[in-house]
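Some notes on the structure that comes next.
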Amino acid sequence: MAMVCLSDFEAYAKKYLPKIAWDFFAAGADDCSTRDENILAYKRIHFRPRMLRDVSMMDIRTKLLGTEISFPVGIAPTGFHQLAWPDGEKSTARAAKAMNICYIASTYSTCTLEEISAAAPGSLRWFQLYIHRNRAVSQQLVQQAEALGFQGLVLTADLPYTGKRRDDVRNGFRLPPHMQLKNLEGAFEVCKMSLSFHSPCWRVPHETKPLGNCCFSICCTQGVSSPLLILQHPGLTSCQHGFWLQNPMAASLQIDALVEVVEAVQGRVEVYLDGGIRKGSDVLKALALGAKCVFIGRPALWGLAYKVSKENHLNLVRNLEELAALFLLPVNREKRPNTKRVLL
């Protein structure tokens, strides 16, 4: 069957991945209502098209904190990529490099930071960090990532506790014996349903910010108060995060919160968004509402699972190409879309 859109990759992954792996990737917290609403939220936004415009020259390149990428989509941090494909995060990193976009490696990677770095040398890579109660573990990971050439640190702030992932509980989810969380080996006991991460507060960025040249980003800032706190820390950028481990109220949907965040920061930091992106038009809606770039999580995993082969990273590239090709309105990098082009 021809792969026409991201939902085709999703259907393939659901059919061929082991049930326990599919349930882990697909599920959200509790009844998954926010996960589902997050996707539907984009359908409630409509374009106001402009006719008789010169569209002979289109350029969808953009820059993330000064580094140019080929189009405003990156790969969000997700864990356990080897559940989708044995090469795991190494294939993901190769795909991101092939597309010249940003890949955010997860603390919960099943490949080491060294392996990810070696798989895609010279690529734009950031590292996502969970703050553990043992701060020495977190600090060691930050220093290691910077030494390996990761250009950015993404601090997850929306996980003071985890919601109940019902399918994982029913399945008794654990990583297979041959699979490890390589970056955390020997640091502390991992892969339990109840995580032991420290509840972040606003002294944490100062404690974990690298001493060198890494960019620094906060992931998740919903509503107005969080981004205003972020602005108290020079050099921070604001990022949205998917609802994999929590199931907040619908008022916290990313695309809804985006408008508030953009208005609050007034251009003083770059704003990114992830969660619910399934079409090129979704990307454009986020850009029109003020996001500098969006990041995709689950669709990248579907690409890894597609037709498992030694060239698997090319399948992920194809998945990303489908997303890039679905931009419905031309975008000029010098004249970014704006809210006048969408109807909320």
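Here the Cβ of each residue, glycine as well, is placed from N, Cα and C on the backbone.
Confidence annotation: the domain 'FMN hydroxy acid dehydrogenase' (1-344) carries a mean pLDDT of 78 in the model. Marked as domain 'FMN hydroxy acid dehydrogenase' by TrEMBL: 1-344.
Feature annotation from TrEMBL assigns FMN binding site to Pro77, Thr78, Gly79, Ser106, Gln128, Tyr130, Thr156, Asp274, Gly275, Gly276, Ile277, Arg278, Gly297, Arg298.
Among the features that TrEMBL reports, glyoxylate binding site is placed at Arg165, His241.
Among the features that TrEMBL reports, active site, proton acceptor is placed at His241.
Reported as a whole number, the C-alpha separation between Arg165 (glyoxylate binding site) and Gly275 (FMN binding site) equals 17 Å.
Of all residue pairs in Pro77, Thr78, Gly79, Ser106, Gln128, Tyr130, Thr156, Asp274, Gly275, Gly276, Ile277, Arg278, Gly297, Arg298, the annotated binders of FMN, the farthest apart have Cα atoms separated by 26 Å. Of the binding-site residues Gln128, Thr156, Gln128 has the largest number of other Cβ atoms within 10 Å of its own Cβ.
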